[in-house]
There are 2 protein chains.
Amino acid sequence: MAGAFGGFKGCQKIRGPQLRSLMEAKDYFLFDCDGVIWHGEQAVTGAAKVVNALISRGKNVVFVTNNSTRPRESYVHKFFRLGFTGVMLEQIFSSGYCSALYLRDVVKVRGQVFVIGCDGLRRELQEAGIPCVEEEDDPAATIYDCALAPDVKAVLVGHDDKLTFLKLAKASCFLRDPECLFLATDNDPWHPLSGGRILPGSGSLIAALEVASGRKATVIGKPSRFMFECISSQFSGVDPAQCLMVGDRLETDMLFGSNCGLDTMLTLTGVSQLEDAEVYRSSELTANHSLVPDYVVDTIADFLPAFEELDEQIN
Amino acid sequence: MAGAFGGFKGCQKIRGPQLRSLMEAKDYFLFDCDGVIWHGEQAVTGAAKVVNALISRGKNVVFVTNNSTRPRESYVHKFFRLGFTGVMLEQIFSSGYCSALYLRDVVKVRGQVFVIGCDGLRRELQEAGIPCVEEEDDPAATIYDCALAPDVKAVLVGHDDKLTFLKLAKASCFLRDPECLFLATDNDPWHPLSGGRILPGSGSLIAALEVASGRKATVIGKPSRFMFECISSQFSGVDPAQCLMVGDRLETDMLFGSNCGLDTMLTLTGVSQLEDAEVYRSSELTANHSLVPDYVVDTIADFLPAFEELDEQIN
């Protein structure tokens, strides 16, 4: 459907009847979470109604998030708590969960995984039966004299707001072994906090390790295609042409959609703004055009009038 | 003198009479420390004799180190402890000291400096009269709710083996202000430890911050020219053609020498090996040729027979 409206491809502000046709045309709605569905513990106004309405109309809704800090169960609870009543475990694809699938099913890791990340990521791995190196709690331990876990076959880097130099140094040492895999849940550079503050993201920690190790990490999360492969293998026979990827970040969500052949929609409730998309659209670097959304909405609540029109048609 | 021997430029293994002529031709000997003069608390065998002999023959000897972890006084003590009896404060140019000069004399910083680095770096800045943000000791503090120091006009990143996520996050927040300078003592990616371990260097921490902030750091240490400018302004009238830069790392020491128009000598007691230099020499990328040393010695102790020959000539 994208590009069917002539002129420059992409950035089409979409509302009313056009949005309704798009909703009718698609069977799978892939939503990013942070900045799209909620901000922290606050749902985006109308988001729960939209998601519940899509589900009740028989659409497949899945959540594709680079946030690796919580295990999937915790997402189910959060959705429920914020009024998204019908969201099930099977609909949630986090970069932590997909990293566990990658380690277990793709590379079939034998040995321990050293995790830079939150407890939720470690829990996700453990649920997939993947042994993780236990963190030591000794604050006096240093890289000069600490013990290094044996049999570490992968380093997995995710968002970690308890990062220490010791973790970074240990990971660098493990990566000296060329047989030790170097994986990352996602490559997000930073995340917005309230009051204009920012939080360094996994991408920041990966960069530190890439320099220290002289190696490149394999990224599991968006914009890499792997998360879509996880969705495809769970919902067999997903046709990319029937999917809409909705996100707030051009460099992850829109590029992910492009990489997987999905139509893409930017919602302006998060990180990226329309001007950012237009800069990519007018860029002379063709690679940048993959970051341009097909459609733009102010918020996913813009779907609501379309549902009402649909209901009017039906009644 | 470099390249005077015909054939491929650089990597000339030098000994005996040729080394003696080189020593006679040069007035300034710039030595890197780690991997050249010492390994940790162990002096390279013969290094003290070489340095003492150069000084007693009236040569100017200066030490140019990217190591920012100790203030200059501490270097003087270390030299003395390891048998280098004549080394004075004025001969020591560390990236920490030069960063302090840069902040005080070049950018004339007004306001506080937020330091990611060791206590020695903070002490060096304080001695230059530059106020640093005090570290808070509260282990429960987080970026979500901690206080952020006011009036921070520069972030300075150096080697920091007590790095925490909180320091990284605070620095990222300060760097949101385009008027806050982003400086780094050096860009060394990692440092060797015993037993095959490595230590992530400043370059690793800079990369993390560059990704989180979307900005590029200004690097004070080698290979940037600024440390040579500090030497030049202290020893007025230094002619680059009279200088020999001796180091163990191609990407810092040799490139620094090239950038400043100095003859360069690689000593094989540290990080880089002859094969690494030959890879750069045969590279099709001309920029890589600046990393090729003019001369190569196994150790700076190779200077010793040259002194003996000189002494024989004199007697």
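The backbone N, Cα and C atoms fix where each Cβ goes, glycine too.
Given the structure is predicted, the values throughout are model-derived calculations rather than measurements.
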> Besides A:Asp32, A:Asp34, which of A:Asp248, A:Asp263, A:Asp276, A:Asp294 does TrEMBL list for that Mg(2+) site?
Replying inline: A:Asp248
> Taking the centroid of the Cβ atoms of A:Asp32, A:Asp34, A:Asp248 (Mg(2+) site), which other same-chain residues have Cβ within 8 Å of it?
Replying inline: A:Cys33, A:Gly35, A:Val36, A:Ile37, A:Thr65, A:Gly247, A:Arg249, A:Asp253, A:Thr267, A:Gly270, A:Val271
>> Taking DSSP as the reference, which of helix, strand or coil describes A:Asp32 (active site, nucleophile)?
In response: coil
> Does DSSP put A:Lys222 (substrate binding site) in a helix, in a strand, or in coil?
Replying inline: coil
> Hey, which of the binding-site residues A:His191, A:Lys222 is the loneliest by Cβ count within 10 Å?
Replying inline: A:His191
>> Excluding near sequence neighbours, so keeping only residues 6 or more apart in the same chain, what lies with its CB under 8 A of A:Asp32 (active site, nucleophile)?
In response: A:Phe63, A:Val64, A:Thr65, A:Asn66, A:Lys222, A:Val246, A:Gly247, A:Asp248, A:Arg249, A:Thr252, A:Asp253, A:Gly270
> Ranked by the number of other Cβ atoms within 10 Å of their own Cβ, which of the recorded positions A:Asp34, A:Asp248 ranks first?
Replying inline: A:Asp248
> Could you give the Cα-Cα distance between A:His191 (substrate binding site) and A:Asp34 (active site, proton donor), in whole Å?
Replying inline: 9
